Amino acid sequence: MGTVEGANQGANGSAVEKKPTVVFVLGGPGSGKGTQCAKIVENFGYTHLSAGDLLRAEIKSGSENGTMIQNMIQEGKIVPSEVTIKLLERAMQENGNDKFLIDGFPRNEENRAAFEKVTGIEPTFVLFFDCPEQEMEKRLLSRNQGRVDDNIETIRKRFRVFMESSLPVVNYYDAKGKVHKIDAAKPIEEVFETVKAIFSPKNEKVD
């Protein structure tokens, strides 16, 4: 793992000088991305960055940027790529680690292209948690996290958005041999066994 100094040398530029290792984590709502990311962090020393959490934190901060993000979300619009990328970039620079899981981003092809262009970083690989809609629906309705967006209509809408917007991203990286597709319908521990094999050094490269 890189030192804090090494990772931060480029912090005054727009991108970190030593390119960090980035893994995109994609999957529909309720596919278990957050649970698995926590286990990867614990076992493999990655830092977990959730695009959604960063946006929510920015809204909470009460900054002008945060107000703009909140208004866009309330209107059902997608936050501009540059806004989310700047938050991700800042989080990477401030963190000092050199291995990151980016969860829930890129959400669409435009996000993907903008991320690579702005940061100059291409993901080492992509984890795609593949889970049937019925299973995700069941999980989201049973988890009681007080999230107002977990009602059946919203869940189905979120799933449709994921299928339309995020699957092209998965397909793009799949064509480059960078996608690890994981059967996310299995129990948590079984899913993690598959994930663990991917992160073990012998498997760093996708066949």
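Cβ from N, Cα, C; glycine included.
Taken straight from TrEMBL:
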- GLY30, SER31, GLY32, LYS33, GLY34, THR35, ARG143, LYS186: ATP binding site (BINDING)
- ARG56, LYS77, ILE78, VAL79, GLY104, PHE105, PRO106, ARG107, ARG147, ARG158: ribonucleoside 5'-phosphate binding site (BINDING)
- ASN111: CMP binding site (BINDING)
Task: Rounded inter-Cα distance in Å - ARG56 (ribonucleoside 5'-phosphate binding site), GLY34 (ATP binding site) - done: 16
Open item on the list: Using a 10 Å cut-off between Cα atoms, which of these binding-site residues sit near GLY104 (ribonucleoside 5'-phosphate binding site): LYS33, ASN111, LYS186?
Closed with: LYS33
- [ ] List, in sequence order, those binding-site residues among ILE78, PRO106, ASN111 whose Cα sits within 10 Å of the Cα of SER31 (ATP binding site).
- [x] none
- [ ] With a 10 Å radius around each C-beta, find which of these binding-site residues (LYS33, ARG56, ARG143, LYS186) has the fewest other C-beta atoms nearby.
- [x] ARG143
Task: Residues near ASN111 (CMP binding site) in space but at least six apart in sequence (CB under 8 A) - done: SER81, THR84, ILE85, PHE105, VAL169
Open item on the list: Return only the integer: C-alpha distance in Å from PRO106 (ribonucleoside 5'-phosphate binding site) to LYS186 (ATP binding site).
Closed with: 25
- [ ] Enter the number of other CB atoms within 10 angstroms of the CB of GLY30 (ATP binding site).
- [x] 24
Open item on the list: Of the residues named as ATP binders, GLY30, SER31, GLY32, LYS33, GLY34, THR35, ARG143, LYS186, how far apart in Å are the Cα atoms of the most distant pair?
Closed with: 17
Task: Cβ neighbours within the same chain of ILE78 (ribonucleoside 5'-phosphate binding site) - under 8 Å, at least six residues apart - done: MET72, ARG107, ASN108
TODO: Would you please pick out, from the binding-site residues GLY32, GLY34, GLY104, PRO106, the one with the fewest other Cβ atoms within 10 Å of its Cβ?
DONE: GLY34
Open item on the list: So if I draw a 10 Å sphere around the Cβ of THR35 (ATP binding site), how many other Cβ atoms end up inside it?
Closed with: 13
